[in-house]
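S.K.: According to Swiss-Prot, the protein carries these features:
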ACT_SITE  CYS56  active site, thioimide intermediate
ACT_SITE  ASP63  active site, proton donor
BINDING   VAL78, GLU79, SER80, HIS97, GLU98  substrate binding site
Amino acid sequence: MSRSPRKTSKSAGLQLGRAVAWPATPDAAQIDRVPNPQAGTDYLVRFTAPEFTSLCPVTGQPDFAHLVIDYAPGAWLVESKSLKLYLASFRNHGGFHEDCTVSIGKRIAAEIKPKWLRIGGYWYPRGGIPIDVFWQTGKLPKNVWVPDQGVATYRGRG
């Protein structure tokens with residue numbers, strides 16, 4: 001059975017299915033949304049970005065994080081290619097760990113208006129101190145199962 005593509009409120013501007021240049025900055029990046037075909041069902045979507053990078057705003061040195069984004073969608077889903085491009089736009093962005101993590105969560109929440117969203121940013125040590133940053137919206141819907149984010153506490157090589 002063949003399905004035709006669904007129209008979205010932004011369908012003309014979707015990045016999916018076409019060549020797109022890497023956005024120069026997070027503000028320039030577009031996060032696309034597509035209709036949720038299961039909008040009447042409470043469930044969880046997880047995106048994991050184990051190789052997220054940004055730049056220290058003071059030294060310009062690269063910072064690395066393992067991001068886990070969980071959300072209970074409402075009417076919209078995040079289109080994953082656009083999310084990949086958005087996250088990649090941080091590669092040349094100077095921002096503190098806390099700001100990068102919370103900004104990503106807020107931006108996604110603003111674009112898709114999920115029932116619930118949380119982001120965990122597990123940053124690798126710089127100066128010997130790992131920084132973990134967590135942010136979420138509201139309360140989780142009752143019947144949604146949320147597994148552990150699966151990122152172990154940083155233990156170094158010991």
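Going from the start of the chain as shown, residues are counted 1 onward.
Positions of Cβ are set from backbone N, Cα and C atoms, glycine also.
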S.K.: Can you check which residues sit near the residue listed as 'active site, thioimide intermediate', meaning Cβ under 8 Å from its Cβ, same chain, 6 or more apart in sequence, and list them in order?
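M.R.: For the residue listed as 'active site, thioimide intermediate', the qualifying residues are PRO62, ASP63, GLY94, PHE96, ARG126.
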S.K.: Please find, for VAL78, GLU79, SER80, HIS97, GLU98 as listed binding substrate, the greatest distance between any two Cα atoms, in Å.
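M.R.: So the binding residues stretch over 24 Å, Cα to Cα.
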S.K.: Residues with Cβ closer than 8 Å to the Cβ of VAL78 (substrate binding site), same chain and 6+ apart in sequence?
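M.R.: In sequence order, the residues whose Cβ lies under 8 Å from that of VAL78 (substrate binding site) (at least 6 apart) are ILE31, ASP32, ARG33, VAL45, PHE47, TYR71, ILE108, GLU111, ILE112.
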S.K.: In the structure shown, which of the recorded positions ASP63, GLU79, GLU98 has the fewest other Cβ atoms within 10 Å?
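M.R.: Relative to the other recorded positions in ASP63, GLU79, GLU98, GLU98 has the fewest Cβ atoms within 10 Å.
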